[in-house]
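As given in TrEMBL:
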BINDING   GLY117, THR118, ASN119, GLY120, LYS121, THR122, THR123  ATP binding site
DOMAIN    115-293  domain 'Mur ligase central'
DOMAIN    317-428  domain 'Mur ligase C-terminal'
Amino acid sequence: MVDLRGAKAVVLGFGRSGRAAARLLAVLGARVVVSETRRAEDLPPGDYYALQERGVRFETGGHRQETLLAADLVVTSPGVPPEVWGQARRKGIPVWGELELAFRALRKPVPILAVTGTNGKTTTTAMISDILRLSGFKVFTGGNYGVPLSEYVLSGEPAERLVLEVSSFQLETVERFSPTVAAVLNLTPDHLERYSDLGEYARAKLRLLENLSGEGLGLMPHPDLPGAGGDLLWREFHGSQRILFFGRAPGLAVEVRQGEFVLRPGEEEETYSLSGFRLCGEHNRLNFAVAAFMARVCGADPGAIRKALRSFVGFPHRLEYIGNFGGVYFVNDSKATNVDATLRALESLPAPIILLAGGQHKGASYRPLFQAVRSRVRILILMGASRFLMAEELAGATETHLVENLPEALALALRLARPGDTVLLSPAAASFDQFSSYEERGEVFRDLVLSYAPRVLAPEERPEVYH
């Protein structure tokens, strides 16, 4: 365990990971300063006062470089941009994220299964955890989504496997964090407001594979897998670790075929039928196969894989089926905050589609949506801050309408919908122009559909294609 007794540690940010890092640093005996852009009165009062009682000092209203440059250690939250802590790192001051801090504070080695990628991280992490729990292991699941790893360390409750979702922002500040098995699921343009180009984004993701433990295994998409970014990932990878591939090509460690997938965790191969898998979309079948491989090499039972395959139902806001009203199907894919996620949604659902898209622009072009919109979308309804840019880049693809917000978008969709249509919220943009999170956006959409669709369209049974 890392020794930080007496060290002056500055925590940047007081979100969930920042609060967990501050608590852990205080327990480890560091002299902690929390630096926050918000005012003190806007911070969560329970944590704020509890940490003050432990001797933690707060600097609010902005990050002060003099405070960072006087520190022995800086622990940054994922959302704090590198410009804030870059000078401290250049001066030789260690800059860790909460993930790196928690890893160094682990009391004993535990197998770590880590997942990153542009899309599918949370679902795949949950799939792995389900398989391991069904195999009888005590599992901690957390990281970028859910519970920070620091909270596991603080709990003192031992787990037999740690399953972690890891973001590119977290990977910018890892040094010793070393998973036992790790996967980069895919790479498509995202967060280009933070990264100069796709190559820089790829290099951040690949830090996960370059930090594997001595006997660790890494997984990435085969370069021939369409739309997964495997070719760029392989070009940018500079580690010496053992890397395996997943995709559709014969002989891969994880091979997805029509109606089944094959795992090759050792000398033998194992075949699993996809019959009974409840999530729609080729990407979800591929992600489950990757999850099964990762769990299998960490001791999971084949029977548990088959049971999890039939029982896993997914998460809200990820191709979430809401209802069938008058033969019109409503699907909430609010988690689709980038172009690739929306492309996957359009490929996964039956046409014709009425697509509700738009929100806060994240820097990537919307042009890659053009062909899918032209071939599968009957009506495109654009909303939010990015609607004008999206309309310009998708001009001529299909019938297009611009509205101000989500309630207006759904009202228009209800007027224009015909039996057989799928009304799909899949924004290809962040939510922060009008909502606090993609979860809030999805919940508002669900509530609107359930409130207004039954007034216009009669409820019907769920079709087989949405099982």
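A Cβ is built for glycine as well, from the same backbone N, Cα and C atoms used for every other residue.
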Report summary line: Rounded mean pLDDT within the domain 'Mur ligase central' (115-293) lands at 94
Query - Residues within 8 Å of the GLY117, THR118, ASN119, GLY120, LYS121, THR122, THR123 Cβ centre (excluding the ATP site residues themselves) - result: VAL115, THR124, LEU185, ASN186, ASN287
Requested in this report: Sort LYS121 (ATP binding site) into helix, strand or coil using the DSSP assignment.
Outcome: helix
Query raised in the report: Which residue counts does DSSP give the domain 'Mur ligase C-terminal' (317-428) for helix, strand and coil?
Result: 38 helix, 31 strand, 43 coil
**Report entry** Candidate with the highest Cβ count within 10 Å, taken from the binding-site residues ASN119, THR122
**Finding:** ASN119
Query raised in the report: What same-chain residues, at least 6 away in sequence, bring their CB to under 8 Å of the CB of GLY120 (ATP binding site)?
Result: LEU185, ASN186, HIS283, ASN284, ASN287
Report summary line: THR118 (ATP binding site), Cβ-centred 10 Å count of other Cβ atoms over all protein chains shown, is 23
